[in-house]
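Below is one structure, written out as structure tokens; comments come after it.
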Amino acid sequence: MELFVAPSILSADFARLAEAAASVAGRPGTPGADWLHVDVMDNHFVPNLTLGLPVVKSIRAATEIPLDCHLMIEDPARWAPGYAEAGAHNVTFHAEATDDPAAVGRDLRKAGAKAGLALKPGTPLEPYLEILRDFDTLLVMTVEPGFGGQEFMAEVLPKVTEARRRVESGHLELRIEVDGGINADTIHAAAEAGADTFVAGSAVYNADDPAKAVAALRELAARR
Ligand code: DX5
Ligand code: ZN
């Protein structure tokens, strides 16, 4: 299983997003970010406001790194497909934000993106196991969504372990992504639990050399 590192630009300088993307791109001999994680918040689903479709379109034009859009918004049925049409590689929305997540997932795939389902820390995995068969990504939040720089919640990891078990047994076929509080001290536990895709915001963009931070996280995750 290939491990992915997805730096979250939430912790970057919003006036310099193209530079933020370039700073984690691969260089000869060093693989860079596999996905660029873009946190879309609408100040309704979460108590914070970040950026929306026009900014995602501009980032898409500014980098070759596949975009991983994490929609922390209400009414994803209405808004999510637009991110797929804008060229996002993976579009993840929250299970808590819609009563028909399976339909939103189908629409995302129809619009040409990979479909991701995100679960807040308090949301159980079991009710979604069947519909996850038609998703490409499961995003297990390891903090309450809304802000970067929060502390990792290890108590959420049993959901990662359970999802990994379902992948190993052939019931599911998807990436298992963790988001929130991932850094050099916590990534090992997430990897050991079975995550294969690691979002890191502050651990990457507060580092002196973001590309080095990405490489270091990848190495630590691979040591599980
Ligand atoms: C939080 C966001 C995360 C955030 C992670 O709601 O979904 O993607 O950027 O930031 P860190 O890595 O600093 O916890
Ligand atoms: Zn996120």
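Note that Cβ sites are derived from N, Cα and C of the backbone, with glycine treated the same way.
What TrEMBL records for Ser8, His70, Gly146, Phe147, Gly148, Gly149, Asp179, Gly180, Gly181, Gly201, Ser202 is substrate binding site. Per TrEMBL, divalent metal cation binding site is recorded for His37, Asp39, His70, Asp179. The active site, proton acceptor annotation in TrEMBL covers Asp39. The active site, proton donor annotation in TrEMBL covers Asp179.
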Worksheet item: Which entry in the list of binding-site residues, Ser8, Ser202, has its Cβ near the fewest other Cβ atoms, using 10 Å as the limit?
Response: Ser202
Worksheet item: Between His70 (divalent metal cation binding site) and Gly181 (substrate binding site), how far is it from one CA atom to the other, in Å?
Response: 16
Discussion item. Using a Cβ cut-off under 8 Å and a sequence separation of 6 or more, which residues in the same chain sit near Gly148 (substrate binding site)?
Written reply: Ser8, Leu10, Ser11, Asp39, Gly201, Ser202
Response to the item:
Per DSSP (three-state), Gly148 (substrate binding site) is coil
Practice prompt. Report the same-chain neighbours of Asp179 (substrate binding site): residues 6+ apart in sequence with Cβ closer than 8 Å to its Cβ, ordered by sequence.
Written response: Ser8, His37, His70, Ala118, Leu139, Val140, Met141, Thr142, Val143, Val199
Item to complete: Measure from each Cβ of the binding-site residues Asp39, His70, Gly146, Gly148, Asp179 to the atoms of ligand 2 and list the residues where some distance is under 6 Å.
Response: Asp39, His70, Asp179
